[in-house]
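These notes concern the structure reproduced below.
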Amino acid sequence: MSLGTVVEVIGAVVDVEFPRDSVPKVNDALKLVDSDLVFEVQQQLGDGVVRTIAMGTTDGLKRGLKAENTGHPIQVPVGKKTLGRIMDVLGRPVDDAGPIDAEETWAIHRKAPSYEEQAGSQELLETGIKVIDLLCPFAKGGKVGLFGGAGVGKTVNMMELIRNIAIEHSGYSVFAGVGERTREGNDFYHEMKDSNVLDKVSLVYGQMNEPPGNRLRVALTGLTMAEKFRDEGRDVLLFIDNIYRYTLAGVEVSALLGRMPSAVGYQPTLAEEMGMLQERITSTKTGSITSIQAVYVPADDLTDPSPATTFAHLDATVVLSRQIAELGIYPAVDPLDSTSRQLDPLIVGQEHYDTARRVQQTLQRYKELKDIIAILGMDELSEEDKRVVTRARKIQRFLSQPFFVAEVFTGSPGKYVSLKDTIKGFQGILAGEYDDLPEQAFYMVGSIEEAVAKAKTL
């Protein structure tokens, strides 16, 4: 393979000069001689010089060092040997459990499946979380986004979904930690270990303290491992926490690569980078990838270019709201803002659809009446509106639920509620069967029977 020389180092971006007749291709991996450091070629600048991003810290790099062209993109181990292991962006183990003797390695840059290979699915994926199953149901092989500002519970929701689906679903999962807290990665590992599902999960981490090159590519590393499981004919779950940090890593290197920034300082290639990742997360005729992605919303502004670009790719959006978190209702899902393509009578059935829409109508009416209540008080409302308000407040509380992964903090055991029980409970509240129960009985319970039992103790 050809040898090049480092000619310039600016932060994470390194320029390497090669002989004119053997210039590396874009996306090829270069390896620093006598070191583990890997670079990925981003641009060819002419005169044999290529501009690269370092997949590791560039501390101590200097001009004149030699780098060799591997002749192929970054290759990572795939297959069953990756299960139960924690890896970095290059597929190297970071859990001190010995090498990963994978039979196969795949390049992290791949083409998305063609039109002929793709397959749609109408099958629902039950999560055991009432508000999600009722109002924004997930499709098997679909893409879901968890949107929320700082501290409204994206990661806790994500961990609960993983726990519920991984245990109930019994397939393989891949978790890509993109620019998140190392503590969360550690908690997550132990959570999986304690739930005895670690041997079904591959973990790929590029945490907050990593250089931008790692955070920019770690999502692709996780996705490549998921694609391998899918191409073996499995239904695989892909969790990405957090898509926003993927965009942010692109912002960090974009200016260093010499690109002009676009709106709000984002990279001009934002839509393309997002599309290249998202289009590969899809189901084929051999197997499916169901993906659940956490999306940080800067300053709670859903119109920011990063979350706005992500919206276009998703089948279901779960919006976590600060106003609902302030009421102490967790999961803090906004029932009026969250949407799903699956909420269609032809897919979920008429009964489920009607219940979900009536829940939303009741909550919407309550929202409209709030101003009147604030100024004139409840007594000025008509009897019909009073009923709507009391039922809406019960629905609001019944949408909360204790989580398994939060047991250590809350002290109350987690609850998994089947879709059948969820629909039955909300139908009962809407029909007025539980008008005599106090609001507090509906707060942080699983099924409606628990609410009835709780009312007796109040």
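Cβ atoms here come from the backbone N, Cα and C positions, even for glycine.
All protein chains considered, the CB of Gly148 (ATP binding site) has 27 other CB atoms within 10 Å. Summarising the annotation, Swiss-Prot assigns ATP binding site to Gly148, Gly149, Ala150, Gly151, Val152, Gly153, Lys154, Thr155.
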Worksheet item: So around the ATP site, Gly148, Gly149, Ala150, Gly151, Val152, Gly153, Lys154, Thr155 aside, which residues have their CB within 8 A of the centroid of those CB atoms?
Response: Tyr296, Leu320, Ala325
Worksheet item: Near Lys154 (ATP binding site), how many other Cβ atoms are within 10 Å of its Cβ?
Response: 27
Worksheet item: Does Gly149 (ATP binding site) have same-chain partners at least 6 apart in sequence with Cβ under 8 Å from its own Cβ, and which are they?
Response: Tyr296, Val297, Pro298, Ala299, Asp300, Leu320, Arg322
Response to the item:
For the binding-site residues Ala150, Val152, the largest set of other C-beta atoms within 10 Å encircles the C-beta of Val152
